[in-house]
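For reference, the structure is listed below as structure tokens.
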Amino acid sequence: MKRIIIFLGIQGSGKGTQANILATKHHIPIVEAGELIRKEIESNSKIGKKIKFYTTSGKMIPDRIFDKIIFNQIKKIGHPHNIIFDGFPRRMKQFRIILKIKKSLQMDEIVVIHLTLSEKIAKERIANRLVCPKCENTYSNTIDKVQECKKCRVKLEKRDDDNDKAIAKRFDIYKKQTQPVIDKLSKDNLILEFNGAKAIKNIAFDIDRSIKKVLKN
Ligand SMILES: [Zn+2]
């Protein structure tokens, strides 16, 4: 069977990290919505400029632009056996893009990997989060105890929006917009839930054990 594997979870749950671990381990191509958007802005392309306008003015990126970026990336990937999506679909309107992709790639099944995390722990984690301004890799002040990016050797920074108020807002948006997507997906698809409060390697182990069973069929 050919599968779309979707990683969902609130910021701070480590879903991006876990999606990458799984992609690397099982050689599955990955579509990372956040990174595609960042790259498009950096490239200063026509679409990139439009996206920059929306994000800097605090508006949501229109779905048709989102569609285009995602489909361009899928064209580059070709016809994979399985494919991973990270950070997408986050709202109901994006859900129908996933159905379109499922059809066009002739995928048999959607599997959702949902990482759960309490607001309290997310706040603690994000408060201790440092980001590399160059590669966007994140580090924890309390776990990694490093001041510069291991890869780029540049000083790590704190994100402007990594504060309690912004986090509470993200939780609110997640409940209102992403939770309905999860509810909808869970009706006809396989949802695997994992405790995002655990350590990275332990979550990776749990996900790998579950997904191996799924990928067998
Ligand atoms: Zn870096």
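Just so you know, glycine gets a Cβ as well, placed from its N, Cα and C.
Reduced to three states, the DSSP call for K198 (ATP binding site) is coil. Look at TrEMBL and you will find G12, S13, G14, K15, G16, T17, R129, K198 tagged as ATP binding site.
Long-range neighbours of R38 (AMP binding site) (same chain, six or more residues apart, CB within less than 8 Å of its CB): E136. Residues annotated as AMP binding site in TrEMBL: R38, G87, F88, P89, R90, Q94, R159, R170.
Across the region 'NMP' (32-61), DSSP classifies residues as 22 helix, 1 strand, 7 coil. According to TrEMBL, the region 'NMP' annotation covers 32-61.
In the three-state DSSP scheme, R129 (ATP binding site) is classed as strand.
A Cα-Cα distance of 15 Å separates F88 (AMP binding site) from T17 (ATP binding site). The closest partner of G87 (AMP binding site) among the binding-site residues, by CA position, is G16; the full candidate set was G12, G16, T17, K198. As a whole number, the greatest separation of Cα atoms within the ATP-binding residue list G12, S13, G14, K15, G16, T17, R129, K198 is 16 Å.
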